[in-house]
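**Student:** Sharing a structure below in structure tokens format, with a few things to ask.
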Amino acid sequence: MSTLVIVGSQWGDEGKGKITDLLSEEADIIVRYQGGCNAGHTVVIGDKQFIFHLIPSGILHPGKKCLIGSGVVVDPESLLQEMENLRKEGVEIDGRLFLDPKTHIVLPYHKTLDKLKEKKRGKDKLGTTKRGIGPAYLDKIARTGIRMVDLIDEKSLSKKLEINWKEKKEIFNKLYGLKMSNQEKINLIKKYQEYGQLLKKYLMDVSLYLNQAIKEDKKILFEGAQGTLLDVDHGTFPYVTSSHPIAGGACVGTGVGPTKIDKVIGITKAYTTRVGRGPLPTEMQGEMEEYIRQKGREFGATTGRPRRCGWFDAVVVNYAVRINGMDRLALTKIDVLSDLDKIKICTSYKYDGKLIKEFPASLETLQKCIPVYEEMKGWKKDISQVTNYEDLPPQLKVYINRIEELTKAKIVIVSVGPKRSQTIIREKIFK
Ligand code: GDP
Ligand code: IMO
Ligand code: MG
């Protein structure tokens, strides 16, 4: 076993950063395959907290190679800032971090458009992170986007930016009444040429490198961002991100064929959260939600927005198991539920008088679904220092067994706190 995809099973923020960092110990290469700096992956080491937006969460392990695949959209400004922050912490970047020249870049006008589009949508806004992700992917699909490879070719950058500028100028002017000056364009070209020069030495054909590494039986971790329910095809459209966080995205976004993927592990929160708008069937109300938010520190790692909180939804995780072909889960933040008398699990939805167990395609149907809950007794014990599965309270094992039964996936990791040491490993992940 040498290739493993780490994927979010819910709406993001499941603890992918923590688990990626943990498993990086045994890996040789860690690679991001989609998304951009909308991601916020937290790793806690001692009393220090690191939040990664573009750089893979394995970077804190000296010597490991960290790659950014072509499926990611890179904001050079944000990437350079992240690199700088890590250097200040004494983390070696050069010779370890590489990005694919085919990676599309996020430009300032993408971020402005993201904000303007949201504003225009008014009460129907999506609640994006305003990092320009949607508009950057839109340009990629429209075949007008600018890639890392263009930044290091002066002529190509000027030519492509010229075309984009013309189009964006019209959009800004006609739709939003905003003017874009020629000087702004000249400054932008100059700035991005400079970024190109700064990033040149980090460019590498990620697909070529990974496929060679696979031949050499190197251990590779594919680090997904966001989560299954935010996938543009399979998520709660239109309340999704513009990329493919699902396991299949790992192949598309790195240039590694599906026959080369050995395992998929779903990072799954013991309850559910979502930041931004869109349906969340098991959403809690009032005091209960506030309690979980405070206890679980459920505030966005990228935007600081309070996360909406809900009970564990087995319909959602079952769906993620199917879409990602995953048979293993890492259950995170179980410690957050430790003081509760009663814990609920949603086992199905009631819709139009019928019970449904499969996640519906229609948002309108989903919005009318009423969660059907099973109530379980809480374990009422601090488990944040437990490192052996056997030492967990029996009632917590009942909860874990029930989730395994409902999702038909094995919980191979139980995370009981944000630190590396606060983890119970039930099965060796890399064999
Ligand atoms: P990601 O986007 O999936 O990497 O997740 P985030 O980093 O956005 O959010 C997860 C948050 O939960 C971070 O603050 C982590 O430090 C924290 N965390 C991760 N695992 C655990 C856990 O098992 N227990 C607790 N209490 N916190 C955790
Ligand atoms: P990580 O990797 C949670 C959400 C936004 C919004 C929707 C679209 O940390 O789990 P976008 O800016 O991508 O166009 O916003 O997606 N979103 C996330 N929610 N975790 C994330 O990343 C997210 N990245 C985007 O809140 O609802
Ligand atoms: Mg996050």
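Glycine is no exception: its Cβ is also placed from the backbone N, Cα and C atoms.
Feature table excerpt (TrEMBL):
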type	residues	note
BINDING	12-18, 40-42, Arg307, 333-335, 415-417	GTP binding site
ACT_SITE	Asp13	active site, proton acceptor
BINDING	Asp13, Gly40	Mg(2+) binding site
BINDING	Asp13, Glu14, Gly15, Lys16, Asn38, Ala39, Gly40, His41, Thr129, Arg143, Gln226, Thr241, Arg305	IMP binding site
ACT_SITE	His41	active site, proton donor
ACT_SITE	Lys140	active site
BINDING	Ala301, Thr302, Thr303, Gly304, Arg305, Pro306, Arg307	substrate binding site
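Relative to the rest of the structure, where do these features sit?
**Tutor:** When Cβ atoms from all protein chains are considered, those within 10 Å of Gly40 (Mg(2+) binding site) total 19, not counting its own.
All protein chains included, Asp13 (active site, proton acceptor) registers 28 other Cβ atoms within 10 Å of its own Cβ.
Annotation note: Gly40 (Mg(2+) binding site) sits in a coil segment as assigned by DSSP.
A coil conformation is recorded for Asp13 (active site, proton acceptor) in the three-state DSSP classification, outside any helix or strand.
Under 8 Å, Cβ to Cβ, and six or more positions away along its own chain, His41 (active site, proton donor) finds Lys16, Gly17, Thr20, Ile51, Phe52, His53, Ser57, Glu223, Ala225, Ala301.
Cβ environment of Lys140 (active site): Val73, His104 lie under 8 Å away, each six or more residues apart in the same chain.
According to DSSP, Thr302 (substrate binding site) sits in a coil region rather than a helix or strand.
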**Student:** Closest of the binding-site residues to Gly12 (GTP binding site), Cα to Cα, picking from Gly40, Thr303, Arg305, Pro306?
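**Tutor:** The smallest Cα gap between Gly12 (GTP binding site) and any of the binding-site residues is with Gly40.
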**Student:** Please list, in sequence order, the residues in the chain of Ile334 (GTP binding site) that are at least six apart in sequence and whose C-beta is under 8 Å away from its C-beta.
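**Tutor:** Spatial neighbours, sequence-distant, of Ile334 (GTP binding site): Ala270, Ile383, Leu396, Tyr399, Ile400, Val414, Ser415, Val416.
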**Student:** Here the binding-site residues are Gly12, Gly15, Gly304, Pro306; which one has the lowest number of other Cβ atoms no more than 10 Å from its Cβ?
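**Tutor:** Result for the binding-site residues Gly12, Gly15, Gly304, Pro306: minimum number of other Cβ atoms within 10 Å at Gly304.
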**Student:** Could you check which of the binding-site residues (Gly40, Thr302, Thr303, Gly304, Arg307) sits closest to Gln226 (IMP binding site), going Cα to Cα?
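**Tutor:** Of all the candidates listed, Gly40 is nearest in space.
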**Student:** Using a 6 Å cut-off on Cβ distance, which of the binding-site residues Thr42, Thr303, Val416 come close to any atom of ligand 2?
**Tutor:** none
**Student:** Select the closest residue to Thr302 (substrate binding site) from the following binding-site residues, measuring between CA atoms: Gly15, Gly40, Thr42, Thr129.
**Tutor:** Gly40
**Student:** Determine the recorded positions, out of Asn38, Gly40, His41, Thr129, Thr303, Gly304, lying near ligand 1 in the sense that the CB is under 6 Å from one of its atoms, and give them in sequence order.
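**Tutor:** Correct list: Gly40, His41.
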